[in-house]
Amino acid sequence: MDLEDIEITGIEDVPVTESLAYHGPPGTGKTSKSAARVAKLIQDHDYGIEDVAWVTYRRSLARDTLARLASWDIIDPSELENPSDGATRYIGTAHAVANRCASIGEGVVEPWHRSDFCEKRGMQFWTSEPWEDSAGKLLFRVLDYLANANTTPEDKAALRECPHTDDLRDHWQGDIVEAWYEWEDYKGQMNIIDFHEMLKRPLQEGESPGRPILVIDEYHDVTALMDALFRSWMEDAEIVIVAGDPHQVVNAYDGASPAFFEDLDLPTVLLDTTYRVPEEHWALATRMLADAHTPPAVTRDGRGRVNDINSPRFEHSEENGWVNLPGRDTPGSPGWICEKFGREETLFLTRTRMQADGVGAALEAAGIPYRSQPELHGWNTEETDIRLAVHNALQKIEGYSPANFRYGGNKAFGEYTGNNKNPADISLKNSEAAALLEATSAHDLDITRSDANDLVEELRDDEDGHLTLREFDDYVTKSFWERYTAGAGSVNRLNKGPFGSGSSGERELRALRAALNRQDGPISPDSISCHAITIHASKGMEADDVVVYDGISNRILREIQVNDESRRNEYRTWYVALSRAKKRLHVMRDGFAWTNSIIPENLQAAAREAYQEGHVDGDLPGGETA
């Protein structure tokens, strides 16, 4: 959309040269309208991009914002080449901008640091599944929550009020304050800082971007620490633009609260037209919200479809993982949804990580790449680095044979005449070559396993490098090109060690085999637009097709029955889930036996009623069931 086509809501009452807060319900264009105000300031009021600091929720949103400004000819496209430097260095996530303000030199805590600390204290940290709790995980959940609340465990009232303290006490009865002191000492010895300290440091030192225009997006999901930091930055700015929606708080478990947005001393403008959320979806989302809140008055600008689907079951065993998953061709399965409605842009949402992992496992079995949260098994995570690298390597070498190399008397000119495959034309990324060497059986290597391990380390140290297949051939034998070039047919011949042990290793190999059977070439995680994530991880996301799995755990059900604040948070969460779709919203019922329904029944009737209330004439919206 061109800049001239964007209606800058509120400009009559609050000119672009003045500060404001945009209250933007789902799909109302908070970011677009904020960008338009910035564009007008640059275009008409002698500001430049070097005068702008902009805090976004995701790195990708920072890139999208710069791309939008470039498309409007507000900035030169060259600014997109290295946005973390130069004029655009203060456009990024809160932690990135804060880090650039304070020039932090320490390393950032990794999970293994926390595990090591816990091990030294005799506390369990790692669990067999990412959604399971341990004393160590819960200790750091408490410490992180208090840090985000801009306090410490020495604040006894805050420690009592922390929603994770009771859970920690169920696993561990030690001294939390003492553990916190010891953790601070550990970090000092290791020269590392916690993630939240990237925000704390510039607040303590009084550092800010110091730019006259400050934009902060998604302010409804900030914590007390973020709020304190951002307010200090506002003092150094001439014009402040804040965007948020108190009804879309999804990070309350981390200490986020709508109160921080509501307490801003800025004129607030309601964005009152949603361009993304269709009438029917809006009716369902606000029906959920109305159980605990007053929905905003928003005009809808489109129609969509609601599909109420009986989901096939996902069954999980503690010993064997996912023992029963919906097949790709089973109506209502993740694979079926992708096939029927188009997998190019599908967002699968669940209330818990365990449910999201089940959906992901079904997508893996169907050979469909997807993205997930870091601790799960999406093709974008560290958990699946080996799977991704081996997949891409096997895709690249498929169809090669010893005849393409210097075996069996083939030399020079005649060595790749058999199938016109020149091994000098194809290269493996160093990460792919390293993973493939690890997954190659020792008797197919032309070097010792020890030398291969050293080579793997060298390759991973040079992550930007490449090896042609001609160069890779120096490290393998003729049998390699006979055993590993059949795509999915080569998976059984791989060295299984790098993929992990037990059910998790078996899952990785199944996912690898299914993807090789289904995909036509290498997979780039950045190009995957299918997601299987929790509702909490979907902040700011949208898709043509959104698949929402109805269901909350027994624990969540108990909490919302006895705690009004938990109830209010829960209904905000489902409001977010039901307002992500641009075209089709698929509500899946009864997929997980251990959950309790929360989305009301009779969705079709509710959607039709909503449409009739807003439209006297015209066709009623339809739906599908399966």
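Heads up, the Cβ atoms here are built off N, Cα and C, so glycines get one too.
Those TrEMBL annotations? Automatic predictions, nothing curated.
Here TrEMBL flags G24, P25, P26, G27, T28, G29, K30, T31 as ATP binding site. Taken from TrEMBL, the feature domain 'UvrD-like helicase ATP-binding' applies to 3-285. According to TrEMBL, the region 'Disordered' annotation covers 295-328.
Annotated features, which come from TrEMBL, shown on the structure.
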residue	record	Cβ within 10 Å
G24	ATP binding site	28
P25	ATP binding site	26
P26	ATP binding site	23
G27	ATP binding site	24
T28	ATP binding site	25
G29	ATP binding site	21
K30	ATP binding site	24
T31	ATP binding site	21
Residues of the parent chain within Cβ reach of the region 'Disordered' (295-328), under 8 Å, 6 or more residues beyond its termini: 23, 25, 28, 128, 247, 270-282, 284, 286, 289, 334-336, 339, 354-355, 357-359, 361-362, 365-367, 503-504, 507, 549, 581-593, 603-604, 607, 611, 614, 621-626
Averaged pLDDT score, the domain 'UvrD-like helicase ATP-binding' (3-285): 95
Three-state composition of the region 'Disordered' (295-328), taking helix and strand from DSSP: 0 helix, 15 strand, 19 coil
Conformational class of G24 (ATP binding site) under the three-state DSSP mapping: coil
8 Å Cβ shell about G24, P25, P26, G27, T28, G29, K30, T31 centroid, ATP site members excluded: A243, D245, L271, T274, R276
Three-state secondary structure, which DSSP defines for G29 (ATP binding site): coil
